[in-house]
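Visitor: Pasting a structure here, questions to come.
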Amino acid sequence: MASVVTITLNAAYDLVGRLNRIQLGEVNTVETLGLFPAGKGINVAKVLKDLGVNVAVGGFLGKDNSADFEQMFNQHGLEDKFHRVDGKTRINVKITETEADVTDLNFLGYQISPQVWQQFVTDSLAYCLNYDIVAVCGSLPRGVSPELFADWLNQLHQAGVKVVLDSSNAALTAGLKAKPWLVKPNHRELEAWVGHPLNSLEEIIAAAQQLKAEGIENVIISMGAKGSLWINNEGVLKAEPAQCENVVSTVGAGDSMVAGLIYGFEKGLSKTETLAFATAVSAFAVSQSNVGVSDLSLLDPILEKVQITMIEG
């Protein structure tokens, strides 16, 4: 029986490529790194399964091109609770440049009708009660308003479900109203939420404290190569990985961090151990084009070099 379920409302195929520098208005030749069945919650689930945690996956998939997702679920042993909807699951393009900047071209996908959404709400409220943690990840599909999303999350909250929310923009703002147990915006998403640039660690911490003041028990901020922060009632903890010498793609690094955090919670690790492990999993992710941990021993040398600092508390 799975102990965690991840929800991906707006799944996608990720077409991942690499080139030196995008030239706007010109023809660009891109090295193809792969086409992967993805979506933030699915990425989280893949990493968790590699780490030895049983996971279920839910959300929406387009009927017309679901075969690769279904094959991947079978290969990874993921319990499939996805609702199939009319149309195709979208394709998102992720281009990594030599300097490790990533440009995302995220396309609109399937349209969710009111009837399909209500069926999902009814079904998910029933099955989510069976899991220790429900990770809700990614953007909202067409047809699901921020208000509908917040109402669903609030019903999960009222039912006592422990929700991890990893989203951005309108979905993040709406989701906060339901007071999820943990939220994990990255630096840019935090800037978008607070409404202005955050140019120093102090400013990032202050903004994260504002987020916590919304009634959020745990706030995790991922900051790329600069590490991550964990803000809760115990104080502010900072984790910093060693510099990665071989950055292939940063796609999925944030999802890998969410998986590492959930792994720590499931295994009963301390706050320090959990943040260090999640930071190591995220740092490992940038060394590959796909998401996952094929060999757990590869995490050990990265984990040994993660530096943990208590800033407040």
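Placed from the backbone N, Cα and C atoms, the Cβ positions cover glycine too.
Residues or ranges marked as ATP binding site by Swiss-Prot: Ser222, Met223, Gly224, Ala225, Lys226, Gly227, Gly254, Asp255. Taken from Swiss-Prot, the feature active site, proton acceptor covers Asp255.
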Visitor: So what sits near Gly254 (ATP binding site) in its own chain, CB-to-CB under 8 Å and at least six residues off in sequence?
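Guide: Lys40, Asp166, Lys184, Asn186, Ser222, Ser282 - these are the non-local Cβ neighbours of Gly254 (ATP binding site), listed in sequence order.
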Visitor: The record lists Ser222, Met223, Gly224, Ala225, Lys226, Gly227, Gly254, Asp255 as binding ATP. What's the largest Cα to Cα distance among them, in Å, rounded to a whole number?
Guide: 17
Visitor: What three-state secondary structure does DSSP assign to Ser222 (ATP binding site)?
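Guide: For Ser222 (ATP binding site) - judged by DSSP and reduced to three states - the answer is strand.
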Visitor: If you count other C-beta atoms within 10 angstroms, which of the binding-site residues Gly224, Gly227 is the most crowded?
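Guide: Of the binding-site residues Gly224, Gly227, the most buried by Cβ count within 10 Å is Gly227.
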Visitor: I need the most crowded of these binding-site residues: Met223, Ala225. Count other C-beta atoms within 10 angstroms of each C-beta and give me the top one.
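Guide: Compared across Met223, Ala225, the most Cβ atoms within 10 Å surround Met223.
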